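Novice: Quick one: structure below, then a few questions.
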Amino acid sequence: MDSRAPEPWNPDRAWADPFIATLALLVALAVSFNAGARRARPPRPSTRVELQGRVADATLAAPKVLGALAGTALGSGDALGSLERKTPPGWDRAVLAVHAAERGDLAMASRLAGTVPDPAFRAVWTWAYQGAGPAPLPGDRAAVRRALGEGYAAHMLEARCEARAGGDPGPAQARARAWALPRLAALATAGLGAFLLVLGGLAMALYHLAAAPPPLRPQPRFALPGRALLIVLLGWFLTHLGAGFVTGTVLAFLPFLKPASLPLTYGLHAVLGTLYLCRAEGISLRELAARVAPGPHGRALAEGLGFFALAFAAVVAVTVALSPLLRASEPPQRDLMDLLARTHGILPVGLLFLTVAVLAPVFEELVFRGLLLPWLGERLQPRLGRRGGWVLAVAVSGLLFGAMHLQPLGLPTLGTLGIVLGFAFLRTGNLLTCILVHGLWNGGIFLFMRAF
């Protein structure tokens with residue numbers, strides 16, 4: 001009986017090279033089609049307030065809401081003017097129009113309201129604040145409130161409508177305050193957390209710059225030849241692109257599974273991608289886990305908190321540096337943001353959170369830090385030296401991680417995050433560090449979006 005361990009897959013170049021070329025061509029065509037479809041697609045009409053608008057709604061409400069609690073008037077500065085310059089036409093501008101009118105600047109408010117494409121909003125706003133036109137129907141008022149996200153601006157506009165109709169605006173004003181207070185608390189908590197993370201990230205960066213470079217932690221070794229690696233990665237990426245079509249077809253026959261569409265889509269390509277890797281390397285899932293996440297796990301997780309702060313500070317720095325160069329446009333990953341905003345119910349939201357904060361970090365870290373980074377580093381080191389080889393491996397794997405999301409506007413931040421995650425893996429040699437950082441990042445964004 002042969003007890004030898006299975007050897008990594010070594011495909012014959014006679015068929016592997018044409019196969020790799022075919023896979024690469026299919027990937028290029030799919031990515032090109034995706035990019036072309038995005039460019040050809042006209043800007044999606046705004047049907048309701050976006051996340052940025054909801055955050056602005058709470059922020060602009062702060063002077064009135066907190067001033068009422070403190071019993072004094074609070075200044076608001078030129079926040080509205082700054083937001084007007086940054087906000088494209090749509091429902092986010094409708095929020096600004098209501099706030100401008102509430103502050104008595106009807107000239108700015110009228111200008112902002114005129115850029116909102118929805119005629120129902122313009123009719124409701126004009127009647128509420130200028131008394132012009134016919135009284136809007138209750139159904140139109142309700143539709144405008146929903147499009148405004150049932151937020152502070154929505155309820156204050158409703159209060160003005162009630163007053164204009166001779167009713168009591170008090171209940172609507174109370175609902176506006178009740179909406180704003182918990183969100184202002186969330187913003188304050190997020191702001192304090194961001195400040196502490198930036199300080200922690202700066203301290204982490206200074207520590208690593210000042211300390212002597214530690215010896216390179218043992219990295220997982222993969223004996224996959226280059227052709228096998230390319231087949232695994234290209235095959236996984238095609239699976240990633242095609243998983244949505246497969247699950248969409250299934251959901252057409254099983255519509256009750258639609259709340260689990262994202263978990264099913266992501267789970268399909270994650271499971272198949274892991275299977276591709278294990279089969280090609282000739283190892284089991286347990287052996288793969290032991291290879292990329294050796295103990296001790298406690299220290300690796302503890303260090304992950306510091307690297308999370310470093311990642312946050314680095315992304316903030318890159319975002320601030322590039323903000324003058326980026327024009328206002330549709331936000332990256334808007335489809336995902338819309339999905340997060342419209343998902344309701346404990347089970348669907350819980351499945352979505354597990355996908356975003358657990359499943360995605362585990363699989364993406366396995367591919368980019370657990371496999372690609374050490375594979376590249378081990379082969380670049382003999383040519384470029386220990387430092388140059390591993391630095392280039394971190395940069396390449398990090399930028400590919402950003403590019404994989406197919407969101408050009410998100411590449412600077414995602415690429416920066418990927419580079420910090422690669423640096424963390426080199427320092428700890430344990431993939432759990434990267435999974436924790438990635439999970440905290442995704443989970444934090446998820447919770448912030450759900451708060452609004």
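Don't overthink the numbers, they just go from 1 along the chain as shown.
Using N, Cα and C of the backbone, Cβ positions are placed for all residues, glycine too.
A TrEMBL annotation is a machine prediction, not a hand-curated record.
Here TrEMBL flags 20-37, 184-209, 229-254, 305-326, 346-368, 389-407, 419-441 as transmembrane segment. What TrEMBL lists as domain 'CAAX prenyl protease 2/Lysostaphin resistance protein A-like' is 351-443.
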Novice: Let me know the model's mean pLDDT on the domain 'CAAX prenyl protease 2/Lysostaphin resistance protein A-like' (351-443).
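Specialist: Averaging the confidence scores along the domain 'CAAX prenyl protease 2/Lysostaphin resistance protein A-like' (351-443) gives 93.
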Novice: Per the definition of 3+ C-beta pairs under 8 A with sequence separation of 6 or more, do the transmembrane segment (346-368) and the transmembrane segment (419-441) touch?
Specialist: yes
Novice: Could you tell me what the rest of the chain brings near the transmembrane segment (20-37), counting residues at least six beyond its ends with Cβ under 8 Å?
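Specialist: Non-local partners: 227, 230-231, 234-235, 237-238, 241, 406.
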Novice: As a quick check of your reading of DSSP, tell me how many residues in the domain 'CAAX prenyl protease 2/Lysostaphin resistance protein A-like' (351-443) are helical, how many are strand and how many are coil.
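Specialist: Its residues fall into 88 helix, 0 strand, 5 coil.
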Novice: Go through the chain and flag residues at least 6 beyond the ends of the transmembrane segment (184-209) whose CB is under 8 A from any CB in it; none is fine as an answer.
Specialist: 55, 58-59, 61-62, 65-66, 306-314, 316, 427, 448, 451-452
